[in-house]
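Chemist: Pulled from Swiss-Prot, these are the listed features:
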- 1-219: domain 'ABC transporter' (DOMAIN)
- G36, P37, N38, G39, S40, G41, K42, T43: ATP binding site (BINDING)
Amino acid sequence: MSLLSIAALDLALGGHLVLENVHLTLERGEIVTIVGPNGSGKTTLLKSIIGALTPQRGCIDKSPGMVIGYVPQRLHLDATLPMTVSRLMRLPRRRPTHEIETALDRAGVTQQASSQVSDLSGGQFQRVLLARALLSSPDLLILDEATQGLDQQGMADFYRQIERVRHELGCAVLMVSHELHVVMRASDRVICLNRSICCAGTPERVAASPAYRAMFGLDDEDALALYRHHHSRSSLEMSP
């Protein structure tokens with residue numbers, strides 16, 4: 001049985017059909033990235049998977065007992081509110097100290113445990129959100145534009161950490177990204193979504209798809225060059 005299986009999913013918001021006839025499977029241990037233009041339904045699909053939105057049609061089948069960790073697109077905290085990373089990790093319910101330490105270590109922010117959240121850099125804050133998602137040792141880790149606002153080095157470091165988490169936990173990773181070079185470097189499969197799934201497959205197969213090229217305004221040479229350039233660098237950039 002697949003870790004996650006979605007079939008014939010339709011979801012409307014405010015009378016507007018946002019997702020139509022979406023089919024998707026996800027296996028344990030793989031990294032899958034969803035790409036698409038703004039308003040294409042990417043975040044809506046993630047919210048339907050975590051149960052925050054209810055589809056009008058179709059089904060979402062999850063492996064029995066599956067645990068999901070979710071890193072949101074953004075989390076706004078009052079900068080004037082004193083809060084350490086350790087305290088944030090204990091909200092909304094307290095966790096044993098050893099669980100918090102393990103999650104912070106997996107996310108690469110052990111040294112920030114006593115830091116004020118307001119003093120963290122953008123990359124450090126995203127890693128803290130990742131640590132919160134890892135507290136439950138998830139079978140499926142979902143990331144919604146988790147590198148938004150980070151520079152190139154920050155993105156590379158963050159996704160290197162995701163690769164390590166995948167290997168340590170054996171979890172599946174489902175992420176949304178607008179960064180095509182991240183998609184080609186970090187993913188086992190890519191899904192192009194624009195209300196419906198336009199194309200899906202390995203990065204190389206998607207890069208050769210007319211639907212993918214049309215979606216991002218790429219010609220054949222640009223799309224394949226994007227794949228080959230970043231795929232050839234992946235073993236260096238994603239290594240410890």
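Cβ atoms here come from the backbone N, Cα and C positions, even for glycine.
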Chemist: I'd like to know the mean pLDDT over the domain 'ABC transporter' (1-219).
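Modeler: Reported value for the domain 'ABC transporter' (1-219) is a mean pLDDT of 91.
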Chemist: Whose Cβ lies within 8 Å of the mean position of the Cβ atoms of G36, P37, N38, G39, S40, G41, K42, T43, the ATP site, other than those residues?
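Modeler: Apart from the listed residues, the neighbours are T44, L193, N194.
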Chemist: Can you tell me whether DSSP puts K42 (ATP binding site) in helix, strand or coil?
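Modeler: Its secondary structure by DSSP: helix.
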Chemist: For the binding-site residues G36, P37, G39, G41, which Cβ has the most other Cβ atoms within 10 Å, all shown protein chains included?
Modeler: G41
Chemist: Just to be sure I understand the packing, how many Cβ atoms besides its own are within 10 Å of the Cβ of K42 (ATP binding site)?
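Modeler: Neighbour count, Cβ to Cβ under the 10 Å cut-off: 26.
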Chemist: Give the sequence-ordered list of residues that share a chain with S40 (ATP binding site), lie 6 or more positions from it, and have CB atoms under 8 Å from its CB.
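Modeler: In sequence order, the residues whose Cβ lies under 8 Å from that of S40 (ATP binding site) (at least 6 apart) are L193, N194, R195.
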Chemist: Using CB atoms and a 10 A radius, I'd like the single residue among the binding-site residues N38, T43 with the highest neighbour count.
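Modeler: That would be T43, with the highest Cβ count within 10 Å.
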